[in-house]
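Chemist: Dumping what Swiss-Prot says about this protein:
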type	residues	note
ACT_SITE	C349	active site, S-methylcysteine intermediate
BINDING	C111, C115, C118	[4Fe-4S] cluster binding site
BINDING	G175, E176, S207, S229, L230, H231, N306	S-adenosyl-L-methionine binding site
DISULFID	C104-C349	disulfide bond
DOMAIN	97-344	domain 'Radical SAM core'
Amino acid sequence: MPQNLLDFDLAGLTAWFGERGEKPFRARQVFHWIHQAGVTDFAQMTDIAKSLREKLQNEAVVQAPAINFAHLSADGTRKWLFDVGVGNGIETVFIPEDDRGTLCVSSQVGCALECTFCSTGRQGFNRNLTVAEIVGQLWVAQHSLKREPNRTASDHGAGEIAERPVTNVVMMGMGEPLANFENVVTALGVMLDDHAYGLSRRRVTVSTSGLVPAMDRLAERCPVALAVSLHAPNDALRDQIVPINRKYPLAELMAACRRYLVHAPRDFITFEYVMLAGVNDQPEHARQLIALTRDVPCKFNLIPFNPFPDSGYEKPRAEAMRVFREILQDAGYVVTTRKTRGDDIDAACGQLAGRVADRSGRVMKRVHREAA
């Protein structure tokens, strides 16, 4: 079976070439052709010896996930559904803004963590994505957007073709990135490599629900910006809505955040907080957050819940959001309220579901629970 070269970072590709008697600079050339030029046909890699091109055609492929469909939101947000085989699909979202282009990347087919307010978690879990499937989302987005006129949220008309449409990557799509640790770290290495996409560590963010041991490993192996899906200010509530908290409670999570900051490219952790009407959006919850995070340099990203069918939750009132935000701001915190982008194409936070052939049994267990 041919080797998919998208599965390699530069070190891995160099080793693979070495096993075939090829010099390291040849690996760098091919790496550049694949990631910077967007070329998948070895015959078009014209500065490479014909004999090597023929060898690659026999032994390798460059294969990103196939696009099943693409949607364009009224606000300029784009969503792709990628086919990753055996009835499974993953979703990837591109959010254009005047000063950046952010790609929201998936790391798993489904998610095993069962956060109760997340559409992905409702779909069950099938498998981890390969490196090629993770990097392939960026590869497709970068090179397909390069061929299109640059569009922003404020100007949907034609413009100059962007040299680098994707300036930021957030691992906030389907799945828990740190539960697919090795593949995610390898993919991050490709994203950061100057021979590939050359993204800054400050512009690549991994989001986790709180897998504490993996947070420590990420700090050692590939410290990028870190976002923690917090969503509750106390263990009793977080145990209910973010079940991984039962394994790694808040005291352990806050300690892991402090350790991560020793290595992080930014001097703060971003705490993501999906606000659920009547559940975690009251003033006392904001005050509990202040007490919880007083020893962790951080900012808060408040996210109004994005409804999906049968979620059981409602979007918070604007007044509740305002009061909550002001309590945090008055305590000296930087607080942002995430704009809802792409909700008309189900591309907003918490709405990504794709297609998941559940192998975990979680969907049927949930159906039986809800029917009881």
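Note: Cβ is positioned from N, Cα and C throughout, glycine not excepted.
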Chemist: Do you know offhand how many angstrom separate E176 (S-adenosyl-L-methionine binding site) and C115 ([4Fe-4S] cluster binding site) by C-alpha?
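Modeler: Distance between the two Cα atoms comes out at 11 Å.
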Chemist: Which number gives the other C-beta atoms within 10 angstroms of the C-beta of N306 (S-adenosyl-L-methionine binding site), all protein chains shown included?
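Modeler: Result for N306 (S-adenosyl-L-methionine binding site): 22 neighbouring Cβ atoms inside 10 Å.
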Chemist: When you rank C104, C111, C115, C118 by Cα distance to S207 (S-adenosyl-L-methionine binding site), which of the recorded positions ends up on top as the closest?
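Modeler: Closest candidate to S207 (S-adenosyl-L-methionine binding site), judged by Cα separation, is C104.
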Chemist: Secondary structure at C104 (disulfide bond) (DSSP, helix/strand/coil)?
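Modeler: DSSP call for C104 (disulfide bond): strand.
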Chemist: Does anything in the same chain, at least 6 positions from C115 ([4Fe-4S] cluster binding site), have a Cβ under 8 Å from its Cβ, and if so what?
Modeler: G121, S209, S229, H231, I241, V242, P243
Chemist: Rank aside, I only need the closest one: which of the recorded positions C104, C111, C118 has its C-alpha nearest to that of L230 (S-adenosyl-L-methionine binding site)?
Modeler: C118
Chemist: Could you tally the C-beta atoms, other than its own, that fall within 10 angstroms of the C-beta of C104 (disulfide bond)?
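Modeler: Excluding its own Cβ, the number within 10 Å is 27.
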Chemist: If I take the Cα of G175 (S-adenosyl-L-methionine binding site) as reference, which of the recorded positions C104, C111, C118 has the closest Cα?
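Modeler: If we rank C104, C111, C118 by Cα distance to G175 (S-adenosyl-L-methionine binding site), first place goes to C111.
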Chemist: If you count Cβ atoms within 10 Å of the Cβ of H231 (S-adenosyl-L-methionine binding site), leaving out that atom itself, what do you get?
Modeler: 25
Chemist: For C111 ([4Fe-4S] cluster binding site) and C104 (disulfide bond), determine the Cα separation and express it in whole Å.
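Modeler: So the Cα of C104 (disulfide bond) lies 16 Å away from that of C111 ([4Fe-4S] cluster binding site).
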